[in-house]
Protein chains: 2
Amino acid sequence: MRQLHLGVNMYNAGIHAAAWRTHDDPFAYLDIDYYRDLARTAERGALDAVFLADIPGLREDPRVRPTLGLEPTVLLTGIASATTHIGLAATASTTFNDPYNLARRFSSLDHISRGRAAWNAVTTYDPVVAPNFGLPELPDHDDRYGRAEEFVDVVNALWDSWEDSALVGDRRGDLADADRIHTIDHRGPHFSVRGPLPLPRSPQGRPVVVQAGGSEPGKRLAARTADAVFAAQTTFADGKRFYDEMKRRAREFGRDPSTLKILPGLCTVIASTEAEARSRKAELDELGGQEWAIARLAANLGVAPEELDLDAPVPEHLLANLDEKRGSRGFARAVAGYAREGGLTARELALLGGGGHRYAIGTPEDIADTIEHWFRNGAADGFNLMPDVLPSGLETFVDHVVPELRRRGIFRHDYSGRTLREHFGLPRPPSRHEPAVRAV
Amino acid sequence: MRQLHLGVNMYNAGIHAAAWRTHDDPFAYLDIDYYRDLARTAERGALDAVFLADIPGLREDPRVRPTLGLEPTVLLTGIASATTHIGLAATASTTFNDPYNLARRFSSLDHISRGRAAWNAVTTYDPVVAPNFGLPELPDHDDRYGRAEEFVDVVNALWDSWEDSALVGDRRGDLADADRIHTIDHRGPHFSVRGPLPLPRSPQGRPVVVQAGGSEPGKRLAARTADAVFAAQTTFADGKRFYDEMKRRAREFGRDPSTLKILPGLCTVIASTEAEARSRKAELDELGGQEWAIARLAANLGVAPEELDLDAPVPEHLLANLDEKRGSRGFARAVAGYAREGGLTARELALLGGGGHRYAIGTPEDIADTIEHWFRNGAADGFNLMPDVLPSGLETFVDHVVPELRRRGIFRHDYSGRTLREHFGLPRPPSRHEPAVRAV
């Protein structure tokens, strides 16, 4: 029977901007033990993966919100030894990295974690990043995706540069079979890369590739190359539309659509009663102030915060043509979906959907209802959870929602494999240089 | 009393090319537990640091020698949790990295290890690397060092971008003081970087900076910016000359010369008797064949292996003007030193000094004699150990040479601090933005 996939986004103190204000140590998000404990909790719930978002720059206002600080591949390596099964998914930008170094770093993480690495390939939409890398502003959206298409191909080619059978290990003869280690000799508009990598193929063959883009080129890239998509839809209707579209697109690339997992983000606020959950959310909103949320909504809509009438719905003209603006189009469209279906004021929308992901607020049964509804009715293969406050929001999920999902027969009781590919039910790809693959 | 500093180079299966042939598992060098065990052994001996060399490319012939495979910052992060005191020094290239990403990665390692990170800044001399990064060949030596000078400055500025006092953590007020977080607004010939980093200053303030260059621009860079130099001299006379020169150069930059540690590489072959040690070395040479060693010597001399008469000393004309050739000049000059003083044949030289570091072969007392002689007579502040075979060569060192060095009063019995800066006796630098520093 088809099983749900669940990741958890270890977003600093929690996805709610005020989460750090509830911590005894507001700087816990800098401590490796904090993440190790989160990952162990997620593993106790047999979740598929822990996930780290990333922006190589100081985006958040440091007065009111922790930053995505520790570099994700390094941070996840620090977690690997504290866990044995859970997948380790790190975001890294195709715009602000080099494919050789990135391919090697994720291959290293896959070796060190014994097959649990995933790369969330993003093009980076935040304009604050570009000047850290010598650029006055971000390359155009299409340029970024042109580079991303080529970047992902180069990385995959490098991951295949050693055949599995290149390892010989004959102590009186050869360590490796040089004929099974291949240059990639890539020459394209953005990159020229000879290869091979300096290390053998990793346990998963290729680390899992995730993408999050919701724009036209983002969806094309994901349909062609990703194993999973971290989607951003706020309503079931939008979720189902996106799900169907991505499965169709995967099919058009000749892929088995079940090998492309669609995992929307799901912000959670969980309590024993719905009223308690709502009041918990309201307390966090109160604690955090509203400015950050309104600023983020405005940024996603491409306007200044002052231009929004906070007590009226967002006007239609701001929701139209989001594609013509810079920034993260998927997020912007998810916000628009919420705005259209919910009939919310701009303020309510800001507090609920500023990040562009669905908020599920209620009892463990309520959360399980949302998850089951999307999962059984073709809007999701699983979710990337974004608890309001960490670690408590994750602990509650593991202790109360996971058992409910198991009762409903849609979530594993324990891991049946060791690698992230195995958790996702994805085959281990052979290197393109293996004779059986070359012969096709 | 002045104390010795000791690091150990965790060079795959050991510095001897045949080391892997003595391992039960020839691919142990891909296993994180192998490195964790090495680091724990080094920590048992109260060594200052473990060290990883690096080349982002496949340099070694994979048939006969393991590669420097796993990416060093990721690998050291995987070791951090298995240890509590030992420093973690990773090599990373200034030619093939970006300063913003690198500064952030080492700051992250310093946070995760609670103050034990060191960056060995190299310009990368191996021509095999360039085509992995879109370049037909390496930039010229001077160009590489021009970039390196600016790269190190940018990284240090980024490490200073958050003042220590930027952390507020007022749960009803501000998380951080935005006035104490600074852009760096660097504009130079190679880089344009705005900053700040997205994470607070790390435990050491700035991770320790190491350099290995032996050329004129390499020495200048090290004298100005490094906390330690991994030197490459094969004879005491050359070692003393280099030591004196570097201390003088540091003084010329207005530095206290004791804050620049000179740590030559020392290859070790240790046994109960000298004869046993020599026969151990001969067995390894026999096991590995000589081709790799001769090829490396030839590469360092800038000639084809066929051009060398193996049973005669290396001719003077090959030893002269090494500076005009590409490649690692420090290594080449160290080889030349050995050749001149030792009167060795090219074959003997290849088997002893191909890597450009001194070989110490003998009993624990012999090894301690060499170390003490260099240390007490102004040729070294310590050594970067390169055991012939790992882990056995390190275990023998820790169990038999370390106690001997302690008996002689030149090596610590236990750590007195927690950070690598503390092991090295180096002060923790304040951020350049701290009022007390700005006022100078």
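Heads up, the Cβ atoms here are built off N, Cα and C, so glycines get one too.
What TrEMBL records for this protein:
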- A:Asp54, A:Thr91, A:His141, A:Tyr145, A:Ser215: FMN binding site (BINDING)
- A:26-379: domain 'Luciferase-like' (DOMAIN)
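Secondary structure at A:His141 (FMN binding site), as computed by DSSP, is helix. Non-local neighbourhood of A:Tyr145 (FMN binding site): A:Thr123, A:Gly213, A:Ser215, A:Pro217, A:Gly218, A:Arg220, A:Leu221, each in the same chain, at least six residues away, with C-beta under 8 Å from its C-beta.
Confidence annotation: the domain 'Luciferase-like' (A:26-379) carries a mean pLDDT of 92 in the model.
A:Asp54 (FMN binding site) carries neither a helix nor a strand DSSP state and counts as coil.
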